[in-house]
Amino acid sequence: GEKPFACTKCDSKFGRREYLIKHELTHSDYRPRPHKCPHCDYAAMNKNTLATHIARHTDDRPYVCEECGYRAVTQSILNKHVQIHTGEKPFKCSECDYKARKRSQLNSHMLRHTGEKPYACEECGFRAARRKTLQMHIMTHTGEKPYKCPHCEYRCTVMAGVRKHVEAVHTGDKRHLCDQCGYRTANPSNMRTHKMIHTGEKPYKCDACGYRSNSRWNLKTHMKTHAKA
């Protein structure tokens, strides 16, 4: 389709202005961070993140768990922690026995029953069950990678990707050993994927053509061939 919004700093073009705006952030480390730390130059995007940061300066964690002594910066953080001890899962699925500690977890679970994918990418037609999944997908169009490795220039669309990168590249700790071929990795999910080579298991299936893979990322790459068709 037509892509009238062009980046002035590279050759990228987009079908919607908001995609261009997000993409332009990749040419700068700027992010809106209105909440300033009174003790240093740090600034945060929201108040809770700032409160957590300030606690590093003041060690002020006034909210205490009576069960284990855990201390929290905010009451909401403590409330979530306490559920670990109580096992409380107040949000119940009306279709099965599933229970969740948070409403957002229940909402995500319910989509398994409905199969609903209400969030659509206007760039390629990709559909997602959750808004966050769509936001992550849109980054494949914009090139935005907001999460950066603290040790090198590696960037990723999700923080989990940065954590995996740090474990694999910077710690040097490859504790997970394949008992069939000696392959080692720092990441347990990498080991699970690797072992499928030996078992022949391919749990990730394309609904459009029947293609199967042992890797979620390989399936995502494959799905793009349908989007282009």
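Any Cβ shown, glycine's included, is placed from N, Cα and C.
TrEMBL does not curate its annotations; it predicts them automatically.
Per TrEMBL, domain 'C2H2-type' is recorded for 5-32, 35-62, 63-90, 91-118, 119-146, 147-175, 176-203, 204-229.
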Long-range CB partners for the domain 'C2H2-type' (119-146) (under 8 A, at least six residues beyond its ends), listed in sequence order, are 12, 14-16, 19-20, 22-23, 25-26, 31, 108, 111, 155-158, 223-224, 227
Mean per-residue pLDDT computed across the domain 'C2H2-type' (5-32): 71
Secondary structure split (DSSP) over the domain 'C2H2-type' (35-62) reads 12 helix, 4 strand, 12 coil
Which residue counts does DSSP give the domain 'C2H2-type' (91-118) for helix, strand and coil? 12 helix, 4 strand, 12 coil
